């Protein structure tokens, strides 16, 4: 029996402690509820803290959970963030069992909150699954921490002159919608270097590298007063891999293919014509497809200049063959005229012979019956005396020339234009590429962001 007494005392003590804890918990919750009720009693959430007196300072910082995608055609970007705001409301000071009260989003609607909006935002979404994603904490000195999870779709002006070697500074601008700077000012909670956090795993983009971010603040004037605007610039550098594979390499290969025609015989007109027309059509297709991923801007980009020069080289190769063919035909006609001029006088056949044949057949003595045809200038001796008279009476007529076939000089071989083109075209294209890539790769193409503090 004595052995059971310690166990009984232990059980009684544990039950007593649990009862005390339950009483303390109930007292704590009742105390907090009473504190909140007292704070909200007579509280007007239509008035900002310090209304009619001091300026309300709202400290902000941003944590980016996901950055992207970035659209060049629409000139916009999307990101998910935790947007944090901190301010002090003297009306919410309290003394109680805890220094910080962690409350849910229902408390937000009962107190004053800043009317922050995103000036360059096209569409912003506050997440509500499974409940509104909002964090609310109240410190004993009246300081409030208010955090929201947002998806922001914001405008990003882009100057695409250096595309695709370009960089952009995409801004995110926010401030008060109704309160001028005489009533509300915004500041960076952790300073300009650490107030915006972008983890490396949150910025994996397909076409860009997020190389950093900068913050600034500025004051703008409008008809309703001066407002403080906070700005975050996200610096993006474009990746060139896609465009090297899809645009630049095919253009270079097409130009090289067009220059292969310089090594084809100039007599092969169909082959060289097919080369020229095919490469021109290929360049046209490439130039059209390259524009699909770009907005319809009114100026030429760096890629447009490259495609235009490649198109000029391809078209020049086709014009070069036209020139070769023209001068080849011109040379052939000239050689034909020279051959006709240099031809020797033809061997003549006298018409006297033809007349003589007829006379001899008619007037010859029937005794001899001369039927042999005379086909040369030298006549055989005819025993008839009348034949001699016929010869003496036959007039000598001018001869008719017999033109022998012309022997034209060969026009084959390599044209001098082709010989020069085999050297000039590759050298010129290589020089253009050298200058083009040196200029754009060594150029600072990142857009400059304004950093007015």
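Note: Cβ is positioned from N, Cα and C throughout, glycine not excepted.
Checking Swiss-Prot for transmembrane segment across the ranges 223-243, 244-264, 328-348, 349-369 points to 244-264. The record in Swiss-Prot shows differing topological domain names for residue 107 and residue 420, meaning opposite sides of the membrane. Among the ranges 200-220, 305-325, the one that Swiss-Prot lists as transmembrane segment is 305-325. Same-chain residues lying 6 or more positions outside the transmembrane segment (423-443) and placing a CB less than 8 Å from one of its CB atoms are 162, 165, 252, 255, 259, 262, 302, 305-306, 309, 313, 316-317, 320. Between residue 31 (N-linked glycosylation site) and residue 141 (N-linked glycosylation site), the C-alpha separation comes to 17 Å. Among the listed recorded positions, namely 31, 128, 141, 147, the Cβ with the most fellow Cβ atoms inside 10 Å is that of 147.
For the pair formed by residue 141 (N-linked glycosylation site) and residue 84 (4-aminobutanoate binding site), distance between Cα atoms is given as 19 Å, rounded to the nearest Å. A Cα-Cα distance of 13 Å separates residue 128 (N-linked glycosylation site) from residue 147 (4-aminobutanoate binding site). Taken together, the residues of the topological domain 'Extracellular' (20-243) have an average pLDDT of 91.
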